[in-house]
Amino acid sequence: MRRIQVLVSDDQLADVTDVLDDEEIDYVRYRAQMGDDEQEWLLEVPVPTDAIGYVMGRLEEAGLDSDQYTTVESLESAMSPRSEQLQQRFAGDFDPLTEAELRSKVRDMSYDPKSFVAMISLSAVIAAGGLLIDSPAVIVGSMVIAPIVGPVLTASVGGVTGDRQMLANSVWLQSAGLVTAVVAAGAFSFLLQFLGFFPTTLDVSSIELISLRISPGFVTLVVGLAAGAAGAFGVTTKGPTSLIGVMIAAALIPAAATVGIALAWSEYRVAVGAALLLLATIVLINLGAFVVLVQFYSPGEEGWLFSEPTKRAALVATAVAVVVVVGVVGVAAGQQILFERTVNEVVEGTLAQSEYGDVKPVSVTVEYSDGFLSRSPETVTVVASRTANGGDPPSVADELDGRITEVTGRQVHVRVRFQEYQRSDAGNSSSLSAPSAPSPATPRPA
């Protein structure tokens, strides 16, 4: 439940109370004075949470000036003669926050610049540590404390409601935050390297959690778009946005940390690929949030930031920028998807041949060793299962290497790891043997 408090003049009182009576909403009224002004009427109206927008709209139609004095407060409960009936009436309705509530909510999510920079730096340091030790749990922790959700949502809200100052501050905080995250992750990674915790010859792209973030991919871009849309939808409701903030941070903080790590190890191609992923993701997050908010808060002319000609030019420029970024990334992502699908088909077809007996593919992983702009061979890691029979596993890595290179036209390195198991006889329990070491293929000449 919420409590609306509005201050109305003697002339407005009859019109406002008539609306409340027509809607069968209980209220109390008493004389009140704001500052040195003359005494007026203060109305207290308890309403269901999802009725705020509807009731405020009806009151404004009756002539209420909501900018004069209006407050909306949370209530633990409210009991009045018609409160139960009113709650049942709006029980199945979804009513997004009013624009005033929306602006207030996103402002509460914002940090002051010093706190924001400090928290984003700490989250990037934690993310870099989690990536280097290949620990998903540590990376999740970095997402929880990252404050990036505030600037993302305030930018979209500022754009929809025409708040230029909010939009400008949010864009600045987003840019400064991501740059700070990259610098913090890079400095921390360089420190670990300098102190000898990690060798200077470390191939950072061989770390699985880093290899997943060294180039834009279709799935990661969809995640970014969905995260922005979910964040915007969540902020329009009355619930908390903490979990949504984790989702948005999940799409940004590890990618920013990957850029910093790659720079610390002078892996510039990896850094460029991760930076493109970071840029595309932040654009799509903001786009997803803005599109959702426009559906709920369709702005009139007074709600846009620009005059009509400038607005059209800004919309066209934004659309072109989005198309270019998404197009470039989409082409690269499409090529990766096609390559990986072809590799999977070749692996399945090869292992299905009778000469490989009961060898079955378990998983196929493709690693792009130098990131988005890679021109070096990809590494294909195949995990296969087979029945333990005391013999050596079949030599299949060279066969897969040749077939993948022939079909795709791209040189690859293939590694095969076997998981062996034993079958029980007459109900005896089965036992598992340790997986064999990867069977690398001999590199083929270019």
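Cβ coordinates are placed from backbone N, Cα and C, and glycine is handled just like the others.
Whatever TrEMBL says is automated annotation, not expert-curated.
Given the structure is predicted, the values throughout are model-derived calculations rather than measurements.
Long-range contacts of the transmembrane segment (115-133) within its own chain (CB-CB distance under 8 A, at least 6 residues past either end) are made by residues 139, 141-143, 145-148, 150-151, 173, 176-177, 180-182, 184-185, 188-189, 192, 198, 204, 207, 209-210, 249, 253-254, 256-258, 260-261. According to TrEMBL, the feature transmembrane segment maps to 115-133 (among others).
The transmembrane segment annotation in TrEMBL covers 139-160 (among others).
According to TrEMBL, the feature transmembrane segment maps to 172-198 (among others).
Annotated transmembrane segment per TrEMBL: 218-236 (among others), in sequence order.
Remote same-chain residues near the transmembrane segment (243-265) are listed as 109, 123-124, 127-128, 130-132, 139-140, 142-144, 146-150, 152, 178, 181-190, 193, 200, 202, 204, 209-210, 213-214, 220, 223-224, 227-228, 230-231, 234-235, 271, 274-275, 277-278, 281-282, 285, 371 (criterion: CB distance under 8 Å, separation of at least six residues from the stretch ends). Residues or ranges marked as transmembrane segment by TrEMBL: 243-265 (among others).
Residues or ranges marked as transmembrane segment by TrEMBL: 271-294 (among others).
Feature annotation from TrEMBL assigns transmembrane segment to 314-334 (among others).
Residues or ranges marked as region 'Disordered' in TrEMBL: 419-446.
Summarising the annotation, TrEMBL assigns compositional bias 'Low complexity' to 424-436.
Among the features that TrEMBL reports, compositional bias 'Pro residues' is placed at 437-446.
Counting residues 6+ beyond its ends, the transmembrane segment (172-198) has Cβ neighbours under 8 Å at 110, 113, 116-117, 120-125, 127-129, 132, 147-148, 150-152, 155, 252-253, 256-261, 263-265, 278, 282, 286 in the same chain.
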